[in-house]
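One structure is given below, encoded as C-alpha cells.
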Amino acid sequence: MIYAEILAGGKGTRMGNVPMPKQFLTLGTKPIVIHTLEKFLLNSRFNVIVVVVPMAWVSYMKNLVKEFLDSDERIRVVEGGADRNATLMNGIKAIDNEFGLNDDDVIITHDSVRPFITHRIIEDNIDGVLEYGAVDTVIPAIDTIVEAHDNILTDIPQRSAMYQGQTPQSFNIKKLVTAFASLTDDEKETLTDAAKIMVLKGDGVHIVTGDQSNFKVTTSFDLNMAQALVGKRED
Amino acid sequence: MLNHVYRLVSAKQFEVALIEENLKEGQVVVRPKLLSLCHADQRYYAFQRSPEVLAKKIPMALIHEGMGTVVESKSPEFNPGDEVIIVPTTPVEHSDTIAENYLPSSKFRSSGFDGLMQEYVISDAERVVKLPTDFDSEVAAFTEMISVGYQAATRLLRVAGPDRESVGIWGDGNVSYMTAAILHVLLPEMKIYVFGHHDYKLSYYSFATKTYVTDAIPDDLELSMAVEATGGNGSHDAISQIIDHIKPEGSVVLMGVSENEIPVNTRMILEKGLTLIGSSRSTKQDFEDVVKLLSGKDELLEEMRLLVSLKVPVTSVEDAIAAFEADNSNGWGKTIMEWKV
C-alpha cells in the first residue's frame, strides 16, 4: 500500500504571537493544512492519508476534514508525539494498528505547512520510493552554505554539492521502522530530519528535485509571502 | 487547492502563478497528460500578436489542445481515472440560431483565458469529453484540431450542392491534412486533390487522388468543392486559384487565419455563383463526433497517427520552452508535450 503522512504536529512557536499552530492558519480562504491535504487527495495512488496533529487539536482537525473535505474516507486523524520523529512514528503506529505492515508498504511524509507542493513532486516521490526504498526532496542551494561553531566560520562546503532539504521524505515503512528502532537514544536526540534515520544506518537515500515554491510556512514573514503569492481565479 | 498555473508573461517567458481553486458543483479537476502545440500558441509565445491583443490577454497559460485524467469530480458523469479531452470553447450564453463557436461572447482557452499549461485544469464537466477505454492518447491530444477540420468539412457539405465528385484542398499543413482525411472518411468515393508548396508534406496524403505543388496545377482541373487551409498571406493566392478551378455553383470553405485583410476576386465569385462559408474552431458536438469516427475507423486513426512527429517530456518551465523551440523547427506534424510539471 502507498500511504501519505501529513506532519501537522507543530505548535507554531516560530510564528510568534498567533492564536493557533501555524498549520491551522488561513491561507487564501482555507487553513494551510487543508490546502496541503487537497493536493494529496488529488493523487489516487494513495490508499490512506494520515494527518498527525497535537493531542489538543485532534477534534479540531477532524472538524476541518469534515467541513472542507467532506470527511474523505481515505483520511485518518492521529495524535502526534513529543518531537518530529515521535510524531512520524505515531502515524506509522496508527497504520500498523489498522492495516498491519507489509514488506512493500511505503509512506510519503510531508510537512503540513508546505501547501505549495506540486503533483510532479508527489509523483516523483512515489516512483522514487517504490524504486529505491528511501527518497528525500531537495532543491540545489542558491546561497553559499557556511558551517560555523561558536560563532566561528569553520568551513564553506562546495556549493554544487549542497542542497536544501524540503519534504516529502518517503520511505519503505518496514525499513524505516527497523532503522529507527536500532538507533541509540543519543542518535535519536540528534535527529531533526527523518531521512537522517536512514543515513545514520548507512542506507542510501535518493534525492528528488523539489521546487522553490514548495517552501515551508514557518514564520510570519513566510505567511505574509504565501498570502501575497496566492491569487484568485478571475471568472 | 493551490494550483500552479504556468503563464506566458512576455516573449518566450513563462512564470508560475499560484491560484487558489475551489471546485464547484458540476465541475471536474483534470490532470493534463499530453498537450499538443498549435500555431496560435506559437504566435503568442513569440509575441507575434498585436500589442493591443497581447496587452489584453497576457499573462495567460497557453495550449488549447490536450488530453488528461480526471482526478476529482463534482459531476455524476465523471469519475477519477476517466481519460478526457477538454473542449476549449466555453460558451457563456445559449443561442438557438448561433453555434457556440460563433457566439462572440464565447471564451476560448489559451485565447481569452488560461489554457492547459497548468498543474490541474478545473473545467465545467459539460466542457469535457470522455474518451473510450484504450483510445489512442497521442491522437487524443490533438483531437481539438481534428474537430476543427471536422467542423469545416461538415459545414462545407452542409452548403454544397449535389455535385460532390471532387474537392480541392489548398494548404499542406496539419489542418489541411486532417480536413482532407475527414472528408475522405465522410465521402470515400469523392476525389480529393491537395495543393501545397512542399513535396515532402504532400507525400503524406496517401489517401488523396492526386497532389500538386501550387505552381503546377493543370489548367483544365475542375473541382466541385474546395477548402482553403493555408492562412497568412498564402490565403490570397489560394483563394484566387480556387476561384479559377472551381466549377460554377461550387462551394468553398475558408479556414486559414490571416492577420491581414485578403483581396478577393468577387467578380468571378458572382459570375460563377459560388458559395463561400467561413469556419472557425469547433463545438463540443464536433469533439464527440470525431471521437466516434476515430474509434470506428482504424484507417483514419492510422492517418492521424502519422502526425505525431515530436514528443517532448516536460517537467519544468525550461522544458516547456525547449518544446516550443523544437516545435518551431519541426517541419511536419504535431509536437506533443508529455506534461509532467
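Glycine residues also receive a Cβ, built from the backbone N, Cα and C atoms like all the rest.
Automatic, uncurated: that is what TrEMBL annotation is.
Among the candidates A:SER44, A:SER59, A:SER112, the one that TrEMBL lists alongside A:LEU7, A:ALA8, A:GLY9, A:GLY10, A:GLY81, A:ALA82, A:ASP83, A:ARG84, A:ASN85, A:ALA86, A:THR87 as binding CTP is A:SER112. Look at A:LYS22 (site 'Transition state stabilizer'): DSSP puts it in a helix. Within its own chain, A:GLY9 (CTP binding site) has A:VAL52, A:VAL53, A:PRO54, A:GLY80, A:GLY81, A:ARG84, A:THR87 as residues 6 or more apart in sequence whose C-beta sits under 8 angstroms from its own. Cα separation, A:LYS22 (site 'Transition state stabilizer') to A:LYS216 (site 'Positions ribitol 5-phosphate for the nucleophilic attack'), rounded: 11 Å.
When the record's CTP-binding residues A:LEU7, A:ALA8, A:GLY9, A:GLY10, A:GLY81, A:ALA82, A:ASP83, A:ARG84, A:ASN85, A:ALA86, A:THR87, A:SER112 are compared pairwise by CA position, the greatest distance found is 17 Å.
Sorting the recorded positions A:ASN85, A:ARG159 by the number of other Cβ atoms within 10 Å puts A:ASN85 first. Sparsest Cβ environment among the recorded sites A:LYS22, A:LYS216 (other Cβ atoms counted within 10 Å): A:LYS216.
DSSP assigns A:LEU7 (CTP binding site) to a strand in the three-state reduction.
Other Cβ atoms within 10 Å of the Cβ of A:GLY81 (CTP binding site) number 18 in total over all chains.
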